[in-house]
Amino acid sequence: MYNVFDEYSQKAKNEGYLARSVYKLIEIDKKFSLFSSGNILDIGASPGSFSQYAYANLKNGVLVAVDLNDVNLNFTSNFYFIKGNIYLDEVYQKIKIFSPYSLIVSDAAPSTTGNRLVDTSNSFNLNIRIFELACESLMRGGNLLIKVFQGGEEEQIFYKLKSCFRVVKKVRPKAVRKNSFEIYFLAKDFAKL
């Protein structure tokens with residue numbers, strides 16, 4: 001088990017972020033420049049730290065956040081929250097209203113069971129759905145960042161990304177806990193299928 005409250009948790013609290021995970025996004029953005037003009041989609045937004053950072057970097061667009069759970073974000077404009085399951089068509093139709101997106105970020109993870117085989121399989125299925133959404137709603141030249149659990153069939157996702165993005169990288173930010181089997185796949189410069 002890991003220490004729930006660590007240096008990144010303290011830093012997030014001090015800087016007003018809702019979760020420590022924001023530092024994963026910050027590190028990746030500083031290294032790879034994720035943000036450009038246009039709409040942004042945050043999938044698996046709760047508790048909201050990715051959305052906080054994305055909103056602060058919003059350029060001429062709207063931020064759309066989607067999650068099964070509520071988020072406690074009080075942005076004054078250019079923000080829409082969709083509560084629901086991304087596998088449902090009614091949720092997809094709401095997401096589609098704001099497309100195309102210049103950036104889709106996802107720190108989403110399935111509910112974990114403690115069984116790595118089950119957890120990586122569920123992560124794979126979730127990321128396949130996010131990949132499908134990205135293919136349907138990213139603008140040409142757009143970027144995608146997804147969290148992936150290692151140890152399953154994640155290489156299939158990586159190769160799918162390589163088939164429609166010009167640059168695809170595996171990234172493990174410093175803020176990822178040492179005992180975690182999560183990494184991020186960063187896909188830049190989407191070329192429509």
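A Cβ is built for glycine as well, from the same backbone N, Cα and C atoms used for every other residue.
Here is what Swiss-Prot says about this protein:
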type	residues	note
ACT_SITE	Lys147	active site, proton acceptor
BINDING	Gly48, Phe50, Asp67, Asn85, Asp107	S-adenosyl-L-methionine binding site
**Message:** Give me the count of other Cβ atoms within 10 A of the Cβ belonging to Asn85 (S-adenosyl-L-methionine binding site).
**Reply:** 12
**Item:** Assigned conformation of Asn85 (S-adenosyl-L-methionine binding site) - DSSP reduced to three states
**Value:** coil
**Message:** Quick check for the class: what is the C-alpha distance, in angstrom and rounded, between Asn85 (S-adenosyl-L-methionine binding site) and Lys147 (active site, proton acceptor)?
**Reply:** 17
**Prompt:** Near Asp107 (S-adenosyl-L-methionine binding site), how many other Cβ atoms are within 10 Å of its Cβ?
**Reply:** 23
**Prompt:** Within 10 Å of the Cβ of Phe50 (S-adenosyl-L-methionine binding site), how many other Cβ atoms can be counted across all chains shown?
**Reply:** 29
**Prompt:** Cβ-Cβ under 8 Å from Asp67 (S-adenosyl-L-methionine binding site), same chain, 6 or more residues apart: which ones?
**Reply:** Ile43, Gly44, Ala45, Ser46, Phe81, Lys83, Ala108
**Fill in**
Reading the DSSP string in three states, the entry for Lys147 (active site, proton acceptor) is strand
**Request:** Can you grab the distance from Phe50 (S-adenosyl-L-methionine binding site) over to Lys147 (active site, proton acceptor)? Cα atoms, rounded to a whole Å.
**Result:** 12
**Complete:** Across every protein chain in view, the count of C-beta atoms other than its own within 10 A of the C-beta of Gly48 (S-adenosyl-L-methionine binding site) is 25
**Item:** Inter-residue C-alpha distance, Lys147 (active site, proton acceptor) and Gly48 (S-adenosyl-L-methionine binding site) (nearest angstrom)
**Value:** 15
**Fill in**
Gly48, Phe50, Asp67, Asn85, Asp107 bind S-adenosyl-L-methionine per the record; greatest CA separation between any two, in Å, is 18
**Cβ neighbour count within 10 Å of the residue listed as 'active site, proton acceptor'** = 23
